[in-house]
Amino acid sequence: MTKDTISKAFQLSPISAFFLTFSLQLGSDFLKLPQPLIDQAGQDAWIGVLISGFATMGILWFIFRLLDHEKPYGRTDIFSIHRRLFGKKAGDVLNFILMGQVLLFLVCLLCTYSEIFQVWLFPNLSTLEFSIIICIITGYVVLGGIRNIGGLSFLYFLYMIPIFQSLNFTVPYLRFSNLLPVFDHSLSAIMEASYMGAKLYLGFELVIFYYPFFGQPDRARKWAYLGVLTSMILYLNLTIVGTAFATQGALTRTIWPFMALLKTLQIPFFNHAEKLATLFFVWSLIPDVCVCTWILTRGLNFSFPSMKQKYFMIAVLILSVLLTCSLQTGNQIRMINQLFGLTGTAIVYIYLPLLFLYQWFHKKVREQHEN
Amino acid sequence: MFFRKRKIKKENPIQAESVSDLWLRLENVPDFIHFKHKGEHFHCWVSFIQTLADVEYLHRDVFPYLYSDKVHSLADVQQQIPIERMIRTKDMAVIQAKLFEGYTIIQEYEREADCLIIPSVKIKGRQIEKSEIETSIIGPREAFVESADANINLVRKRIPIPQFKFDELHIGKISKTRVCVLYIDGIANKDNINTVKQRIRDLEVVSMIDATMLALMISDNNNSIFPQYIDTERPDRVAGALYEGKISVIIEGSPNALILPASIIEFFAAFDDYFLVWPIATAYRLLRLFAIGFSSVASSIYVAILTYHYQLIPDNLIPSLFTSRTAVPYAPFVEVLVMEFMIELLREAGARLPTKVGQTIGIVGGIVIGTASVQAGVVSNFLLIIIALSALSAFITPNYRMATTIRFIRFPFILSAQLLGLLGISLCFLIFVSHLIKLTSIGRPYIEPIYPTRVRDLKDTFIRLPLNYQNERPLFLRPGDSKRFNSHRAHQKAEVKKSELDN
């Protein structure tokens, strides 16, 4: 069995909670805004983003309660919770289901980004080549542990600041009258849009896997909320700018509206600066892929402690390369993204609250039993 | 089994077993002096190595006492001679080691191990000169020499407190090189000191020629192209580092001192930044960082854009760029490689030749070859500008070791640009950064103020705030005493500045 506390040399600083949450949430979703919400809510898409943002924060609160209740019993991650509540076999099955979701996330990211790079930067890029290179880098980082991943996600935040500042260049082209009339859609349409928006925030729930690595969980929680808040503000910005930038008809036909926004970017010495901006997306890919790989290797190691984590990592990386290469067309990638969104929201909004209730119930029964 | 037995027998061939064995081994050594001294009251054997010992000193200050009528035994000699730090021992290891350090050995009987060891080391070395490699326009000019004692003297002059300590270690199976680990007790972190000493002690080497060799062996990652220590020839820099809470290592026979641990930003900070007013120092630092970024990726961006991403070329540059490129029959990749290769050849030739010839080579190479290759149509003159600028930028790095690294990392960048265009450059950069995040120096994170983020340490990295704001030592060293001075008091003492309008 693994030890209950993580040695101090491997702990994450509380502020890493902010960067990890932020980078995992953004994933590749910021490229699509406000396109997924336009169909349902039109110019009111920003309301949906706002509602789903607050809902995400509520769920995050639940998740932290769930994890903190686990403190007296051992390690505060989902693997230990499952094993404690459901026994070894059933717990492992549930762990594997959650890990399947993480693998899906990993494959989604690799597919989406290789598609983006193929379309926007390097048409000759083969998905196999790209995913192999990314997986080699990932393996190198993951071997160094979660602290290195925290470092990469911090650098991601740093590098993304100029990218999002480039939205300033869109200001002359914005027509805020596009946002009018406000509240023009029915409540059900807004709720549908919020459901689509909730998918954008997925990734924050991965904290259930690396929560015990925070040395000071109290402070880490605050930073995690701040991370969600930051990405909410960012999403809100992107939605409003996106809606004001293009007509709704154009938006429904654009796959990556963010790239259209970047086209307004102009810097000296280079034409087509959006291509240079695309380079920074490598940074949004790598921390997320690293976190996913790290989680998967940890999960496998939890179930089969006799084997070394290194070999699991190689296996996971090879598997993800194979899965990524098996998805060829854009439609397949869209489908797997939808699948990820569906399963992700199901896990976050249905499964985790239920687990929270079960944990509470379990505790009560036990107390009664003891009395 | 037979072989193993022989091996065990010859286990320690360097160390003589007895005194007579030692004398026997030294029989044919021409500069070994071994004679019987016959005084009126006292007979003894004197042995020393002529080239190491100060013979004049021996004749003047030691031998007269052997004639004295008060001397009857070795103990009397020890009492009479007014020299400090004499050793009376029977330990063969000490005797042999001291003999080869230049000490004189006096015995009553030739075959007995009972020896009196008198220090008579000849100190002869280079005069302290101006620093040649790390030159600075403002500030002290002294540089280290090959003698460890002289070097420690240079540092000690700047730190006149008893807490300034150094531990002596001897490494090298044959060379027994003296290694001194310098630190200020109470300021330097104890773990750091112990780690450094432990690593030095654990070394299994035959000889140690230079401090940098030692540094390569004790650094955290031997395969990394990034140096994890600073080697300097400036005593003021060493003293400054010690005051900061770092550790310095000085080796006998090396004009370089090591400073450990190091973080990457320090390699881009010239020491005379501290002698300039802070806005100017900050501007120079930022200039240097920009130069390093430019130097590492400029030529690879040229390759990437001209090979794959024509769209990025600005409209008004297209005519001039393509007129210069049309004459060139080669792909940008080949063109850049040819040019980089040329620059590297020039640099290497310039570095190996004496200064004056080196300058000539630089001028001949730079002007003649550069112009000729453009006229011959091997490279475009646009590329010539980029390569020359990036070479210039690489030499801006204050630390020579880091400058070589910067020049080296261009080549992976160029190769990846040829393979995957701008995406390749981005991925290559990612690889280097993930390597840097992993890297440590004596267990301390290498890119410290950036990650792990320490806002407090940023005051002396990309920017350099005024010296009276630098009241805390860098956090990444985990110093024993983190406060340099009381900032509150410092600000109180500073004259209260009144606006002239208020008078």
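Including glycine, each Cβ sits where the backbone N, Cα and C put it.
Here's what TrEMBL has on this protein:
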{"type": "TRANSMEM", "residues": "A:12-33", "note": "transmembrane segment"}
{"type": "TRANSMEM", "residues": "A:45-67", "note": "transmembrane segment"}
{"type": "TRANSMEM", "residues": "A:93-116", "note": "transmembrane segment"}
{"type": "TRANSMEM", "residues": "A:128-146", "note": "transmembrane segment"}
{"type": "TRANSMEM", "residues": "A:153-173", "note": "transmembrane segment"}
{"type": "TRANSMEM", "residues": "A:193-211", "note": "transmembrane segment"}
{"type": "TRANSMEM", "residues": "A:223-245", "note": "transmembrane segment"}
{"type": "TRANSMEM", "residues": "A:276-297", "note": "transmembrane segment"}
{"type": "TRANSMEM", "residues": "A:309-327", "note": "transmembrane segment"}
{"type": "TRANSMEM", "residues": "A:339-361", "note": "transmembrane segment"}
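Of the Cβ pairs linking the transmembrane segment (A:12-33) with the transmembrane segment (A:309-327) and spaced 6 or more residues apart, fewer than 3 are under 8 Å, so the two regions do not touch.
With Cβ pairs under 8 Å as the measure, the transmembrane segment (A:128-146) is packed most heavily against A:276-297, out of A:153-173, A:223-245, A:276-297, A:339-361.
By number of Cβ pairs under 8 Å, the transmembrane segment (A:45-67) is matched best by A:193-211 from the list A:153-173, A:193-211, A:223-245, A:276-297, A:309-327. Each of A:193-211, A:223-245, A:309-327 was scored by its Cβ pairs under 8 Å to the transmembrane segment (A:153-173), and the highest score goes to A:223-245.
Long-range contacts of the transmembrane segment (A:193-211) within the same chain, counting only residues at least 6 positions beyond its ends with a Cβ under 8 Å from a Cβ of the stretch, are 12, 17, 20-21, 24-27, 29-30, 32-33, 36-37, 40-41, 44-45, 47-49, 51-53, 55-56, 59-60, 63-64, 66-67, 76-79, 102, 105, 146, 185, 217, 220, 224, 227-228, 231-232, 235, 288, 291-292, 294-295, 298-299, 340-341, 344-345, 347-349, 352.
Sequence-distant contacts of the transmembrane segment (A:223-245) (same chain, at least 6 residues past either end, Cβ-Cβ under 8 Å): 14-22, 25-26, 30, 33-35, 37-38, 43, 45-46, 49-50, 53-54, 56-57, 60, 64, 164, 167, 170, 173-176, 178-179, 197, 200-201, 204, 207, 251, 257-258, 260-261.
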